[in-house]
Amino acid sequence: MTLNDSTSNLALTKSDNSSGDAELPAHVEKSPQIPGPPPFPEGGLQAWQTVLGGSMILFCTFGVVQSFGVYQAYYSSHYLSQYVASDISWIGSVQTFLLFFGGLPAGKLFDEGYFHHCIGAGSLIYLFSVFMLSLAKPHQYYQIFLAQGIGMGIGMGLLFLPAISVTSHYFRRRRAAAMGVVLAGKCSSLGAVIYSIMLNNLFNGNAGFGWGVRAAGFIDLGLLGTANLIMKTRLPSRRERPDAKPVDLKAILSDFGYWLCVIGATLTFWGLFVPFFYLQVFSEYHGLSKNIGFYAIPIMNASSIFGRTIPNFLGDVIGPFNVMIPCTVISGGLLFLMFAATNLGGTIAFGILYGFFSGGFISLITPAAASFSRDLNEIGQVLVPPLRDLRPDRFTTCSTRIGITSFVISFALLTGNPIAGALVQVNHSYIWYRPLVFASVVVLAGAACLTASRTILSKRKNTNRL
């Protein structure tokens, strides 16, 4: 290397280094530094292949979670008819709990550079559990619980956060659009629509439960196998950046506004998924034909496709809290209106409205929680639209705030639907006002906490665009 080359490189380092290190003479040897990541490609074949792979994973995982109402209805009337609604809902609740609970260990593994290990192991565990579920015998609760609740849940937990996180390796300016495809739920809601319709028809047709589950398993096999082949990371892992700034956990744990946001999200998730578990059972109980009941959950999930994309882009313009809080309040109010979903028109109207506004909350809670971060070390690779203009050379890979939020709300998802099941069924009779009032009250309480959280953040940042 010539003297001119050395001087030029050192000058370039100075201009790009935010710490303002002084330029060294050419004859002085500078200690080696790990270079920052190259500029974001904002697209390209590998970038969109990774987005596609993440969408496939969300299709298989969150799509299945949102279609559990089909299993709830079938188990209640056929496979586990001797068990009460609360016992059956524990299967889906444990599955959802492990999906979110797994975000903390899976996020740490992703940060350390084990992305392919995570999605590979998660895919194998998930697929094995799906095919084991297809072999479960009627009235054998433990077989279904182990395969669907524990096994599929662990697999989902290893897949979910890495599939979302890796997308942000490729996008900065266009991150809202890319994350909208994966995280905001186009493919997860689409998966819920397809699985709900397919499983309802197969379970109650000639195929039966076993082959219905296997049909879903073969779809999952193709999608997860393809995702493992086409997804790749781009940014250096934490192991490759030993100089990475450590996360200030004390600051996070003492951030009152952030914890109000987490509490608000936890309360909201406590009641938010009750209709996704019970709407089909509710409609059939009130005399709607099975054909209409079959499509109650797909209608809600189809509406959620728009609910998880339109509010997401609107939140990019006026702030995630300003969109999320109205969506949460409306969702809490709509839960009272589920009483009116006793005929065809009421069921369709409720499904469309609730799917849209609940989807708005789900898509925006991640950027809202991340808005409290004072440093990129607290956010990680799951960078969200309000933070898209931060410099790419300062990205870190510690998904701390999002991992903590995911971990805490997992406990609400574990207990919310079983509580609703215990409230709805007494001596084998359904009393519907009790779970609906419970769900509505906790969702509205969550909205109140989120509003207080937004007020604290607004004073801290001196802006209303939150």
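Numbering starts at 1 and runs along the chain as displayed.
Even glycines carry a Cβ here, placed using N, Cα and C.
Pulled from TrEMBL, these are the features on record:
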REGION    1-36  region 'Disordered'
COMPBIAS  1-20  compositional bias 'Polar residues'
TRANSMEM  51-74  transmembrane segment
TRANSMEM  80-102  transmembrane segment
TRANSMEM  114-135  transmembrane segment
TRANSMEM  141-164  transmembrane segment
TRANSMEM  176-199  transmembrane segment
TRANSMEM  211-231  transmembrane segment
TRANSMEM  256-280  transmembrane segment
TRANSMEM  292-311  transmembrane segment
TRANSMEM  323-342  transmembrane segment
TRANSMEM  348-370  transmembrane segment
TRANSMEM  402-424  transmembrane segment
TRANSMEM  436-457  transmembrane segment
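Against the transmembrane segment (292-311), stretch 348-370 has more CB pairs under 8 A than any other of 51-74, 80-102, 256-280, 323-342, 348-370. Two recorded stretches are said to be in contact when at least 3 C-beta pairs lie under 8 angstroms, sequence spacing 6 or more; the transmembrane segment (256-280) and the transmembrane segment (323-342) meet this definition.
Proximity of the transmembrane segment (323-342) to the transmembrane segment (348-370) is established through 3 or more Cβ-Cβ distances under 8 Å for residue pairs spaced 6 or more apart. When each of the listed stretches 80-102, 114-135, 402-424, 436-457 is scored by C-beta pairs under 8 angstroms to the transmembrane segment (348-370), 402-424 comes out highest.
The listed stretches are 80-102, 114-135, 402-424; of these, 402-424 has the most Cβ pairs under 8 Å to the transmembrane segment (436-457).
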